[in-house]
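Colleague: What follows is a structure written as structure tokens; I'll ask about it next.
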Amino acid sequence: MKMDGDEGQSHPMINGVSKDSQQERLDHRRRWLHTIVLYWGFIAMGWVYGQRGAAFLDLLLVTDMDVALGSLLFTLAAVASMMGALVGGFVIDKVGRPLLQMACGMFVNALLLPLIPLCTQFYLMAALFFASSLGLIVFDIATNLVMANLWKGKQGHTFMQGLHFCFAFGAILAPLATEPFLASRNQDTSFLSSIENRTCDDGILQTTGPHPQDDLEMSNVTLPNYTNGANESLRADAAETQVFYAFLQSSVFCMSSVLLSLLLLLFPVTAVATANSKTSSHAPIERDVTATRPLTLVARVLVAMFYMFGVTVGFYDFLMPFVVRELNWDKASGARLLAVFWMGFAAMRLGGVVVVRLFSPSTIIFTCLAIVMTSLLGLLAASLHHLDWAVWATACTVGLSSAMLFPTGIIYAGERIGPLTGRLMSIFFIAALVTTIMNSQLLPQLMQRYDNKWYLYIIIIQQGVGIASFVSLHMVTMRLKKANPSLHDREINIDKPCDKKDTSKNGETTLVKLL
């Protein structure tokens, strides 16, 4: 007699309880275990991204580099994320086992993190930043893919929103844990003041996105001349910083996520039921569905992703330079404005856990896009009339309304084009990253050469295109659904059987393991 869990033997009843019921309860407990581990990993990933911005100045002290060159670290990180997204999703589909891919991606990041602050050569540090970002994006794609296929229906929507709240939570905590290891505030302030005396108003140091070096308007005395004239001071500051221990702390945090991900390999869980409703829910996930994904549908999804998500990144990356240069705010006020944006963003990520259970993904996305557009127009009007209170209100509203777009977009795409694969997930990430990189080059050029208000003009135009793209996408999917009602009704769940069958001898669905 075979042991319980051996799929080759059927046991209708065990101690008066059907084996299917026992398997379902076991599977449910394992789903919770997987969810907790995924949440922990996303807190660690948010921690890493949040720490990069907090430790940026100290990393410049270590390498003895200026801000303009140092901003290339973030640009390289964005490029690495795009390259990793391009390859990662296809590798996951080809090799399978996304949990193993998660562990590998986070392991690369954890291994490289403590080496970054030890690099006194900037280009070596940039190379490690690049490699670390590659690992993080592979982890990001694999984690989103596992979560998208782990739970069903509105319950799955709730867990997806919770996953992305964990990222924001980690990003908020990281600067607090990093601050004790940084060089003293007086030295940092002196360093910033010396730069500020030799540049026009700018305030890009507090963000964690890519910041092009063109965003710095240099005066007659350039920044390299400054650093060459103060090498001894910078070396003294570099000797005082203990940022290495902050990165070591993050490495240990990330390594714990790696170990937990590997542990999950011992507790496999399923993401879809087989064609036979009496079959154990321990079956693995489908690789593809028979429903055709029309090219126009996928293309429209990508266009919507392209504008909906990249626009938000462009907004918070250049909000600080805008209020400092255009509204003549001091940097402290600009930093507090960004903090308000991120608090609103994190609060709505948490609130999304409830909201997503009450409304459909399409309703949430359209409402959020409309509120973001209204807030951007309000911010433009406030900047024209120098209404500071309105700037605070609209910046917070943009953070609140943009928080749910990315996780809800993943949910919406899964509903409209069928179960998500690694390829589709990677393409969605690439679409968002293209806008991020494009805005990082376009916005500072227009702000520097023409007018700071071009920052808002471009983002408002892109947001309008994003709304039009989403409306067009929704109309196409509704028309396709009317023509073929079964096209979008496939859910990945554990108790609703799929209607796809293969020609295998046992008549079950053709499946590929989630793990």
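One-based numbering along the chain as shown.
Backbone N, Cα and C atoms are what each Cβ position is placed from, and that goes for glycine too.
Features from TrEMBL:
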type: REGION; residues: 1-22; note: region 'Disordered'
type: TRANSMEM; residues: 32-49; note: transmembrane segment
type: TRANSMEM; residues: 69-92; note: transmembrane segment
type: TRANSMEM; residues: 99-116; note: transmembrane segment
type: TRANSMEM; residues: 122-146; note: transmembrane segment
type: TRANSMEM; residues: 158-177; note: transmembrane segment
type: TRANSMEM; residues: 243-276; note: transmembrane segment
type: TRANSMEM; residues: 297-316; note: transmembrane segment
type: TRANSMEM; residues: 336-356; note: transmembrane segment
type: TRANSMEM; residues: 363-383; note: transmembrane segment
type: TRANSMEM; residues: 389-412; note: transmembrane segment
type: TRANSMEM; residues: 424-442; note: transmembrane segment
type: TRANSMEM; residues: 454-476; note: transmembrane segment
Colleague: Counting only residues 6 or more past its boundaries, what in the same chain has a CB within less than 8 Å of a CB in the transmembrane segment (158-177)?
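Modeller: Contacts of the transmembrane segment (158-177) (Cβ under 8 Å, skipping residues fewer than 6 from its ends): 35, 38-40, 42-51, 53-54, 143-144, 147-148, 150-151, 208, 246, 249-250, 342-343, 345-346, 349-350, 352-357, 403-404, 406-408, 410-411.
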Colleague: Between the transmembrane segment (99-116) and the transmembrane segment (363-383), are there three or more CB pairs that fall under 8 A, provided the residues in each pair are separated by 6 or more in sequence?
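Modeller: Checked: the transmembrane segment (363-383) vs the transmembrane segment (99-116), no contact.
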Colleague: Determine which recorded stretch among 336-356, 424-442, 454-476 has the most C-beta pairs below 8 angstroms with the transmembrane segment (389-412).
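Modeller: That would be 336-356.
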Colleague: Report, as numbers and ranges, which residues of the same chain sit near the transmembrane segment (122-146): CB under 8 Å and 6 or more residues beyond its ends.
Modeller: 34, 38, 41-42, 45, 48-49, 59, 62-63, 65, 69-70, 72-73, 76-81, 83-85, 88-89, 91-92, 98-99, 101-102, 104-109, 112-113, 115-116, 160, 163, 410, 420-422, 425-426, 429, 514
Colleague: Short question: which residues 6 or more past the ends of the transmembrane segment (99-116) have a Cβ under 8 Å from it?
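Modeller: Distal contacts: 41, 44-45, 48, 59, 88, 91-92, 125, 128-129, 131-132, 134-140, 142-143, 146, 244, 247-248, 250-252, 254-255, 257-258, 261-262, 264-265, 514-515.
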